[in-house]
Amino acid sequence: MLRQIVSQRSAARRQLIDQLAPCLRRGLATATDSTPTSSRMPPYSKIVQNLEQVRKVLGSSRALTLAEKILYSHLDNAEESLLTGTNNGRDIRGKADLKLKPDRVAMQDASAQMALLQFMSCGLPSTAVPASIHCDHMIVGERGADTDLPASIQGNKEVFDFLESASKRYGIEFWPPGAGIIHQSVLENYSAPGLMMLGTDSHTPNAGGLGAIAIGVGGADAVDALVDAPWELKAPRILGVRLEGKLQGWAAPKDIILHLAGKLTVRGGTGFVIEYHGPGVETLSTTGMATICNMGAEVGATTSLFPFSPNHVPYLKATNRADVAEAAAKIASAGSSSLLRADTSAEYDELITIDLSTLEPHINGPFTPDLSVPLSRFAETVRKNNWPETFNAGLIGSCTNSSYEDMTRAEHLVKQANAAGLKPKADLFITPGSEQIRATLDRDQTLSTFSSAGGTVLANACGPCIGQWKRTDDVPKGTDNAIFTSYNRNFPGRNDGNRRTMNFLASPELVTALTYAGSTTFNPVTDSITTPSGSEFRFEPPTGQDLPSKGFEAGNPAFQPSAPVPDSSVEVKVSPTSTRLALLEPFAPFPNSDLQNLSVLYKVKGQCTTDTISAAGPWLKYKGHLPNISANTLIGAVNAATGETNVAYDEAGKQHTIPDLAAQWKAQGREWLVVAEENYGEGSAREHAALQPRYLGGRVILAKSFARIHETNLKKQGVVPLTFADKADYDRIDACDVVATEGLYETLKNGGKGEVKLRVTKKSGEEIVIPVKHTLSADQSSFILAGSALNVLSKR
């Protein structure tokens, strides 16, 4: 009877998708000879030839890491990038400004809006490189895919219509709502060994599980690639992570990165590429490697990647890319000197070794992804910190952990519990990563197994992971509560808008097991659960399949993109009265002098993530409308003077919200700066966290340190990121102080060469001078002088 019910639900879902197909696939063009190539095959011949040129520039005896090989073989001009300011190529890492030409760009629906609005202003007929848009961030997770998907499509129709029409006009592959999460779709369709791509999402490095250099960027950076302008990256240092042994028992690939995050912290990877190597690599599946690379974003790494592995071949073949598998295997057969492996004598700036054979499961959180605790010590840690000993929901899936392997390992545990007569004591939610994964799990009865346990299958989208979760368990806002997820990020308020929801990150199999106890102190390795019959039940370690034995099921064809064909006859409409979309007005250029009379809008205490600066969740609806979304600027920031959140005070002591005070000052023509602590802008590639302050009159962000992506995004939008030369000076500057820059204008005019100071006038009239540092390159200086990178591109 149960299978019949599940079958009826699946049939109803297929009927629903068929009904939605016209609005999902409306009028997409078909391929013609004039179409720019949308081949999933990387340009291997060109890349290999470029690597040969790099070896000529640096000398054939120079040993290169895998990351260096792929990056340098994508340089626009190898000699210029590698030999300028690098002691004739001897000091490239951390010093060279690499001018790169990526192979591909991927964008998700929330960030694609602003990226496209910027691209459209450049006036080109099509994108210069293959590009794709994936509608995943704006789908709500609440009661299940059958209800949530059509409601989300209807509620976001204007935005989806805009994205689809722009895709048709400019020749971009459009993956409609419900097709899947960007990173899972990229892994299944576009990622390949040796590829270099950009994505407008911080978890783009997920593609590194298949041997690609994939870097998360803001929309302005993506536009560089889309218009065929070289994209600039400070040459990263390389962190080598050597994997030895093989995972045992309950340990999963997720535990490798959870453990590593605890070692490195949220900023320990800043300025580094994490390059995995060693004999343990070949014990991991492709999707397991992708999970590890995905969460490299949580330690601030530029990207993460794995070398070519024999396990890449069956995955590529299973995802209809046998030609890519054959080509990559042929290149890799040349050994360590090939494009797809590090040279034997390559040196790493830092090296960490992890023994997989002794690694135990880890749980990270709450409120930060680097608070890592081994499972064996977690119960003790819960009690020590007075965290809740029960939890409300377990959520598995997402871009980090929705592979066939992940789901079948979780399914194995559900089957064990079903046989023992157990039901989950916490709500269980399942998010398939793509239509291909969902359809395959449906065919193989995995989804019916989850449903038999009362699990709710959400749409193939981000949902709760990005804050699109409408909880139905009536937890009051501000109330301490716990959830367990297999997601990648757990900042306060991220999932449900409640800053007191404690999200503990773990593998999907561990999350699944814990839901049956409903207890944060349960250890499935050692603890048992009493069954309805009174017997004691203990889980066996989970097992699963890397790939489906029957192959992947494609699923509903309505979710497949058509071949990209630019069509200039397609009109891309943006209504002047829209509350969701607004064309961009150019930012004003930098004045012909240093900045004067900047007021300190706010002094931030502690962690300030991109979620803090530009919240997601219900605000995602305004991603294409800069004036409207600017109303959430810094609403999660804590006032250093008072400890209040989103409470700012003007010179008269009057209280305001931060965006309200910023808007008032903008209306008065007053420009301002923000003062912050470490790793400002930690988290996502969300360029709105740079656009919004700029729109409201922000000129400078002064911090102890910055997250890499956010620092770049600020420069692209004409905001100057400065750091304290002496971090103790953070205590010398306060809200409403007045600041003038000294030496900044000359530094910008000199292409980033020069020293900068800030002259600060206190409320008392006292003046102090604070020396500051910057990382401005020549190109970045030109962006700021012009007002933004887009202003520079538009003139070209």
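Including glycine, each Cβ sits where the backbone N, Cα and C put it.
Swiss-Prot lists 1-28 with the feature transit peptide, giving sequence analysis as the kind of evidence.
Positions annotated as substrate binding site by Swiss-Prot, on the basis of similarity to another entry: Q108, D201, S202, H203, R489, R494, A685, R686. Sequence-distant neighbours of Q108 (substrate binding site) (same chain, 6+ apart, CB under 8 A from its CB) are I133, H134, C135, D136, H137, I182, G199, T200, D201, C462.
What Swiss-Prot records for C399, C462, C465 is [4Fe-4S] cluster binding site, and it gives similarity to another entry as the kind of evidence. Within the same chain, residues at least six positions away from C465 ([4Fe-4S] cluster binding site) with a Cβ under 8 Å of its Cβ are L395, S398, C399, T431, T485, Y487, N488, R489, N495. In the three-state DSSP scheme, C465 ([4Fe-4S] cluster binding site) is classed as helix.
Here Swiss-Prot flags 540-569 as region 'Disordered'.
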C-beta crowding around D201 (substrate binding site), within 10 angstroms:
30
Neighbours of C399, C462, C465 excl. site residues, C-beta within 8 Å of centre, [4Fe-4S] cluster:
D136, H137, I181, H183, H203, S398, T400, T431, A461, G463, I466, Y487, N488
Over all pairs within Q108, D201, S202, H203, R489, R494, A685, R686, the annotated substrate binders, what is the largest Cα to Cα distance, rounded to whole Å?
18
For Q108 (substrate binding site), what is the secondary structure by DSSP, using just helix, strand and coil?
strand
